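Participant: Below you will find the structure I want to go over with you.
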Amino acid sequence: EHPWSIAEKRRIRDCQQADIKYLSGWKQWKRTSSKSLKKVLSEVKELSSYLELWRHDIHSIEGKFGTGIQSYFSFLRFLVLLTFVIFILMFSFLTLPSIIAKYGIFNSSFAESPPKNTELHCTVYTPSGNQGLVYFYTYLKDLLSGTGFLEMTSLFYGYYTIDAAWFSILRYNLPLAYLLATFAYLALSLLWIIKRSVEGFKQNLVHHEDQFQSYCNKVFAGWDFCITDPNAARLKHRSLQYELQTDLEEERLKRKIADRTMKEKLRIYSLRIFINIIVIAVLSGCFYSIYRATVFSQENSNDVGNKNFQANLFVQYLPSVVITLANFIAPQIFSFLITFEDYSPAFEIRLTLMRCVFVRLANIGVLLFSLWSQISHCTTDKCKACGYNYELYPCWESEVGREMYKLMIFDFIIILAVTLFVDFPRKLLVTHCSCKPVQWCGLQEFGISDNVLEIIYGQTICWIGTFFSPLLPAIATIKYFIIFYIKKISLIHTRKPAARPIRASSSNFFFLVVLLIGLVLAFVPLGISIAHIPSSKACGPFRSFNTSWAVVPATVLGFPTGLQQVLHAIASEAFAVPFFMVICLIMVYLIALAGAHKRVVEQLREQLALESRDKLFLIRKITEAQR
């Protein structure tokens, strides 16, 4: 790892080998075992790289279409792994113990205690299961909406009614495990995203520090000399070509911006203001449409007098349909408008992503706000005694889970339908029809911002819905797995890469930042559901508690007195205020340290520049002296 020549490294290695015979037996064994451990770890790391999911596919995409599109597929692979880990977490701590206890496997048993201090009418819950003769399309409807035979399965919150499970002499507190598993998957997602964001930020920082250094790295150190396969060499060559093309494109735009006259600046700024007004109007229209559709659906979906089955079904699914249409149409409008604003490719992705984030994440917020307003709307004393609208929503957590389930299923159906019924027919028309309008339209470009927003939207639904539907991460994992191959086939056969290539270093970091925004926004509805809205008294593990959070104080009361005092002291203001001040001091210190390091780096860069100038000066003098 030292910056020495190979000859110097060999000399030092020979000296170390000669000194081994003078070392004690313990030091000889320690040095030998250290070298063996490093060799084993290196071989394990090399072997694990071959087991990496979609390794060959992503390398092939990188070589054919550039690092920008490759960053999307790498991001999709990260979400597959994340949702799969969340599914393993929820299944291991919630679903598996419930199934084992209910079926008495391994001599286990369970206990279900009725809610205390609760009115009897609040505990009535009769799922709308299918009885008698059932038509085939009813099962299809239940599969799409999460009702019928799916309503009381382990997919939704209402299935987990066990208060405690006994495995031999061990007692398993399912309500506490349910809440802790929720906190665990949110914390795991946060830490994993931050870890990847820090790595991407380092690459982004190095790239933006010195443009000349980026060129030097690609030209002199960009080739992988371990490549022996001609196909792999061809892929690597294409990848470097796309990266250099991106650098040249951004340099051209920078020069164009620097050479703008005052008249051109006034024109482009006026055009951007006008386009932003159009964007605000589109956002407002989307929000209002979703709000009206949600209110209309909530008011009419339970209308008993409506005998038209198809109309009632359409009204029930109206919010999901409107949200899906808004998520599909708005990004298309934004992608069209951004081409007139004359931004760099990297900034186009960022701006389009931020605009689409407001549409997609606000859509979920409007839906949840409408649901909660209906859930908490009480006009009678019986309803106020329960704390929520028990007549319409006897198990409101499962109702929210079904809405998240429908959003995820509808989102997948739209992605599949666009590929089958839009991209493939367009490809056939462009290939076999020589009409000028068709050839002018051409193949659709693979929009990175649109595709990234699709999966970030789906992941936000997964984070919110996992509390209400613990097995939703399994559905999300299968969905992302299928989407990878759908997008790969669509990219290779029905779409074309962007006319202006995109750099992956800055895009990867920004994708993770937007994903982090989605995670932070998911904290809000989950926090309100856990701490504010009364839990259902007819279903779920929190039937005996006023809210889901109430299980934590109830569990703490069962601890020894000394441990209770310690936990209450940690949760008090006397501990929180000094802890917050210490954290602020540490942050100030780290910020100051980072500023000092940055100044040192700038001084070293200036010193390197001066040394290069001195070398050029000496070369000129030597050349003149030789002449």
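Counting starts with 1 at the first residue shown.
Glycine is treated like the rest: Cβ placed from N, Cα and C.
Source: prediction; values computed, not measured.
According to TrEMBL, the protein carries these features:
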TRANSMEM  78-100  transmembrane segment
TRANSMEM  176-194  transmembrane segment
TRANSMEM  269-291  transmembrane segment
TRANSMEM  317-340  transmembrane segment
TRANSMEM  352-372  transmembrane segment
DOMAIN    395-505  domain 'TMC'
TRANSMEM  404-422  transmembrane segment
TRANSMEM  461-486  transmembrane segment
TRANSMEM  509-533  transmembrane segment
TRANSMEM  575-596  transmembrane segment
Participant: Taking residues 6+ outside the transmembrane segment (317-340), which of them lie with a CB under 8 Å of any CB in it?
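Facilitator: Cβ under 8 Å, 6 or more out: 145, 271, 275, 278-279, 282-283, 286, 289-290, 293-294, 296-297, 348, 351-352, 355-356, 359-360, 363-364, 367, 370, 403, 406-407, 410-411, 414, 418, 447, 449-450, 453-454, 457.
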Participant: Determine whether the transmembrane segment (176-194) and the transmembrane segment (269-291) share at least three Cβ pairs under 8 Å, counting only pairs 6 or more apart in sequence.
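Facilitator: Taking Cβ pairs at least 6 residues apart, the transmembrane segment (269-291) and the transmembrane segment (176-194) are not in contact, as fewer than 3 fall under 8 Å.
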Participant: Could you check whether the transmembrane segment (269-291) and the transmembrane segment (352-372) come into contact, where contact means at least 3 Cβ pairs under 8 Å with the two residues of each pair 6 or more apart in sequence?
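Facilitator: Answer yes, regions in contact.
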Participant: What parts of the chain pack near the transmembrane segment (352-372), using Cβ distances under 8 Å and only residues at least 6 beyond its ends?
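Facilitator: Sequence-remote neighbours of the transmembrane segment (352-372) are 279, 283, 286-287, 290-291, 294-295, 298, 319, 323, 326-327, 330-331, 334-335, 338, 396, 399-400, 403, 407, 449-450, 452-453, 456-457, 460-461, 464, 510-511, 514, 517-518, 521, 524-525, 528, 533.
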Participant: Please count the residues of the domain 'TMC' (395-505) that DSSP assigns to helix (H, G, I), strand (E, B) and coil.
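Facilitator: Across the domain 'TMC' (395-505), DSSP assigns the residues as follows: 86 helix, 4 strand, 21 coil.
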